[in-house]
Amino acid sequence: MDTGVHMRRMSTPAIRQVNNSRDDADSVVSSAEFASYTVHIPPTPEYHPMYMSIEASNAEKVEDLYASSSLFTGGYNRATRSFLKEKMTDSMSNHPQMAGANGSTCAVPGCDAKIMRDERGEDIVPCDCDFKICRDCFRDAVRGGDVVCLGCKEPYKGLDIAEPEMNDGRRVSSGGMSRGERRMSMIKSRMSLKRSEMDDFDHRNWLFETKGSYGYGNAMWPKEDVDGDYDGFGNPQVLYDKRWRPLTRKLHVSTTILSPYRLLIFVRIVALTLLLAWRIKHPNEDAMWLWAMSVVCEIWFGFSWLLDQLPKLCPINRSSDLDALKMKFETPTPTNPTGKSDLPGIDIFVSTADPEKEPPLVTANTILSILAADYPVEKLACYVSDDGGALLTFEAMAEAASFANMWVPFCRKHGIEPRNPESYFNLKRDPYKNKVRQDFVKDRRRVKREYDEFKVRINGLSNSIRRRSDAYNACEELKAAKLQNKNESGEGVESLKIPKATWMADGTHWPGTWTVPTAEHSRGDHASIIQVMLKPPSDEPLRGTESTSPIDLTEVDIRLPMLVYISREKRPGYDHNKKAGAMNALVRASAIMSNGPFILNLDCDHYIYNSQAMREGMCFMMDRGGDRICYVQFPQRFEGIDPSDRYANHNTVFFDVNMRALDGLQGPVYVGTGCLFRRTALYGFDPPRVKERGGCFRQIFKRHRSSAVVASTPEISLVENHFLGMGDSGQEEVNLLPSKFGNSVLFVESIRIAEFQGRPLADDPSVKNGRPPGALAIPRQLLDAPTVAEAISVISCWYEDKTEWGQRIGWIYGSVTEDVVTGYRMHNRGWRSIYCVTKRDAFRGTAPINLTDRLHQVLRWATGSVEIFFSRNNALLASRRMKFLQRIAYLNVGIYPFTSIFLVVYCFLPALSLFSGQFIVQSLDVAFLTYLLAITVTLCILAMLEIKWSGIELEEWWRNEQFWLIGGTSAHLAAVIQGLLKVIAGIEISFTLTSKSAGDENDDDFAELYLFKWTSLMILPITIMMTNLIAIAVAVCRTIYSVIPQWSRLMGGVFFSFWVLAHLYPFAKGLMGKRGRTPTVVYVWSGLIAITISLLWVSIKPPAGNNQIGGPFQLW
């Protein structure tokens, strides 16, 4: 069925206004001094503002339900088609919000189709006589010229079903307005004041200062209430104070901690300088090679430490005020009398690619936590990107939408935390603590039973799909065989080959990837797919009934946020750019369908742990100056980590030390998940009131800066350009946008709407670039088939051709760490970011606790950093809009993997020193020991102070230090080699697993910790350990049996060897497995390395005639 359906049109709402000036004022108040003002007339029996009574027609509701109940497919050089789905899984029971075509049977003779049913369970009919007619029959009758109801024979009222006309590529209604223009007109009509009027006069300030109140048709002063306490909207002083109440606060670190911290950094820099100067002036004449290697490594370590330490000079903490946010955006005010939420919308992106590696149950739990989040339901929209196009993921999401019918209202009714059912039902604490409702126990027991059944259905989906597909394929083969026997009676005819298709629950082919891949149905070759699992909710709360749920929800709002399944088109020969390409496809599709001005992206295994996390982030976006914030980054917290955190999986030093410190500069880096974006910042626009900064590198990189500024700064500014404001004089800029964003007119029109909706409230003249209060307290537009069809076109594989997607717009391509590059580009344009640490963790996810998986994770990050260093995203080429210390931080991101080269050499130096009997210095001079002691003591005190202001523990700091050396001697060095080969020779190298050995303790919560998987990344750390152990044994024996023992040289070498081995202890423990069950491959490699080192030493320094090895040590 083609999507040639009409595009619904709304009449433009308006607000009646009365403008009075000082000359027209009543004589009683003529002496009062005030300027021109605008009074909004409240609704009365004689006057109803159109924005207060906007209600979609039945035809529009039918189109909305049709678009929400249909699966849309399409792609490059392919027609976009829609297929009405009465069910998406074998066992799915739809939420009332997704009733779709499950109503009564059509009353037209010869038609057995179902009519649409709304979310309250009522049939939607176009006539008041309640004649049952389905959508197709109704459209056929109207197209044939028959506009008379078949039941009552009366003409249809308010009929508006004309096919959309095309005007320069944009769909327009009979009124000549496109979808974006209509949406903007609704926002305009909802605005209480224009910006120009706001600058001249503040009507709220006038209201408070003159004791005025809003009357009918003019402004009046109550004769009573001489003390200033009136009953209109509460105490005027309270409202006055509320307007000035900030939503966030900046909490500086105590000076008693920060001042000594900064002083010690300076002291350590001086000590490092003195030590290096002494080392250069006092070479070891007996071992120049050893001295030279050690000095070069120490110089690099000092430089690397400086890059890491300088951005930590200004750490800060932040806090948000949720009560102030609620009062400001969800409390009745003169501009929002009903108290509807004035918060902007949020589109949440969840990405997954392979249901085998990313279990659908985990993704489903993440979706359920999103649907149950504490944010206005009508403002949320969740988009699931399935980059593998798997039917398993599709049906798992449909099952999640069905289970949300009970889970989400249960969470709202009883205030459940966390709102991930798997995590909630596995909590160790008492689930009945602080629960006071009598029916909680019964409700919890029923929901737990439903969740267990839900898990069984999810786990059985794979077998269910296989059995269903086998049955349908067998029927198809039988039909084909019968048809062949009927048409061809001759012998020797080859049998027809029927493709092994994957079938959906309603008996149709799955348009995505099939279990048995074929042409146009494989992982890299399938059409675009969009299915609205849960349609946009209504504007008014929807209470549950006794018949719709097994638990009592009569007092609970059962509406669910919009949920959309998306799988972008993939074709052979196209570079789909992995996750970055999938995220950009979601950005475009969401702009067409919901266009939330803010975007929250989550990995499929990261769920919302704090239901108010989005409100916390919105406090920063909606506060004064929030229009210059490109994203709010939340820390990553993990579950399922072993108590000792052997491999530093929590990354607390990075998330609680480095990220807090960057928040005091220009903001934290983007880490790939748990980030709330401003949509227009992703579009590549400049921030308002951008600042150009100089610096000590201004002249050095002046030649590069001009090109960098041009490359990072689009031609359109957010504030200064009229196109993104409320004016109509930006047509020239509109004509330039298709070359940047693509040829979708609906997408281009959505840009200015998203920019306007994302502005902070202009509740005071000091707020620049704000929007009037109450402008977003309007119903969301309903969906229609042409809108979803447009979303299909923008996720096609050809859409990004000859555009700036992935270059300057959206997630940036060209690096495996596209997250860091995307955040860097925003900071380079002058945006700033915020680090939001909540009292209750905002999000939680999973992390690999296995040694091999952890090393490969670090390898991916380090490879991305090397790619950044050799690209134009190198911080040395940053623009003047980036702060100097922020540039240092990004420079460290690209340089830190190269430290592994010097670290590996330095880890071998103690062994070489012990083997040769020499040390890195000629003798242990007092000056050398003094400088070394100063560096060590200052490092320890700095670590203690970091622990103090960041709140981490000493053990976490030490685990980070250990894994820094483990990763530096394995994954980081491999990343450098891989990056250099890619840049110099264009050779792609991937370090993959070669053999696996699984444990048998399936009942252990941390069984994966002891799972051993051999990888080539382990060879170098094993070599370092064996070399140092053998060197210690040789040196101790040689010193003991020597005529004149050199204990000072021995202690120096042994001390540094133990320093290396102490850092590699978690690695050695991971090799040994659980309870000493060391895999055979470890013994083989250890023995081979030990023999090789021994033979190498004997060949370098053979025994003397008296059977001595390297000295007077007697063999017998």
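Numbers here mean position along the shown chain, with the first residue as 1.
Cβ from N, Cα, C; glycine included.
Automated prediction, rather than curation, is the source of TrEMBL annotations.
As recorded in TrEMBL, the features of this protein are as follows:
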| type | residues | note |
| --- | --- | --- |
| TRANSMEM | 251-276 | transmembrane segment |
| TRANSMEM | 288-307 | transmembrane segment |
| BINDING | S351, K357, E358, D387, K578 | UDP-alpha-D-glucose binding site |
| ACT_SITE | D387 | active site |
| BINDING | K579, D603 | Mn(2+) binding site |
| ACT_SITE | D819 | active site |
| TRANSMEM | 889-914 | transmembrane segment |
| TRANSMEM | 926-945 | transmembrane segment |
| TRANSMEM | 1017-1041 | transmembrane segment |
| TRANSMEM | 1047-1068 | transmembrane segment |
| TRANSMEM | 1080-1100 | transmembrane segment |
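Only residues 6 or more beyond the boundaries of the transmembrane segment (288-307), in the same chain, are considered here, and those with a CB under 8 A from a CB of the stretch are 269, 272, 275-276, 279-280, 888, 891-892, 895-896, 899, 902-903, 905-906, 909, 912-913, 916, 918-921. Taking the mean position of the Cβ atoms of S351, K357, E358, D387, K578 as the UDP-alpha-D-glucose site, the remaining residues of that chain whose Cβ falls within 8 Å of it are T352, A353, D354, G388, K579, A582, C604. For K579 (Mn(2+) binding site), the spatially nearest entry among the recorded positions S351, K357, E358, D819 is S351, judged by CA separation. The CA atom of E358 (UDP-alpha-D-glucose binding site) is located 10 Å away from the CA atom of D603 (Mn(2+) binding site). Between the transmembrane segment (251-276) and the stretches 889-914, 926-945, 1017-1041, 1047-1068, it is 926-945 that has the most C-beta pairs under 8 angstroms. Of all the recorded positions listed here (E358, D387, D819), it is E358 whose C-beta has the fewest other C-beta atoms within 10 angstroms. With a threshold of 8 Å between CB atoms, the same-chain residues lying at least 6 positions outside the transmembrane segment (926-945) that come near it are 257, 260-261, 264-265, 267-268, 271-272, 274-275, 278-279, 282, 309, 954, 957. Across the residues the record lists as binding UDP-alpha-D-glucose (S351, K357, E358, D387, K578), the two Cα atoms farthest apart are 15 Å from each other. Summary: among the binding-site residues (K357, K579), the fewest other C-beta atoms within 10 A of the C-beta are counted at K357. Reported as a whole number, the C-alpha separation between D819 (active site) and K357 (UDP-alpha-D-glucose binding site) equals 21 Å.
D603 (Mn(2+) binding site) has its Cα within 10 Å of the Cα of these binding-site residues: S351, taken from S351, K357, D387, K578. Outside the transmembrane segment (1047-1068) by six or more residues, the chain places 646-647, 851, 907, 909-911, 913-914, 917-920, 923-924, 959, 961-966, 969, 1018, 1021, 1024-1025, 1028-1029, 1031-1032, 1035-1036, 1039 with a CB less than 8 A from a CB of the stretch.
Shown are the binding-site residues S351, K578, D603; of these, the residue with the fewest other Cβ atoms within 10 Å is K578.
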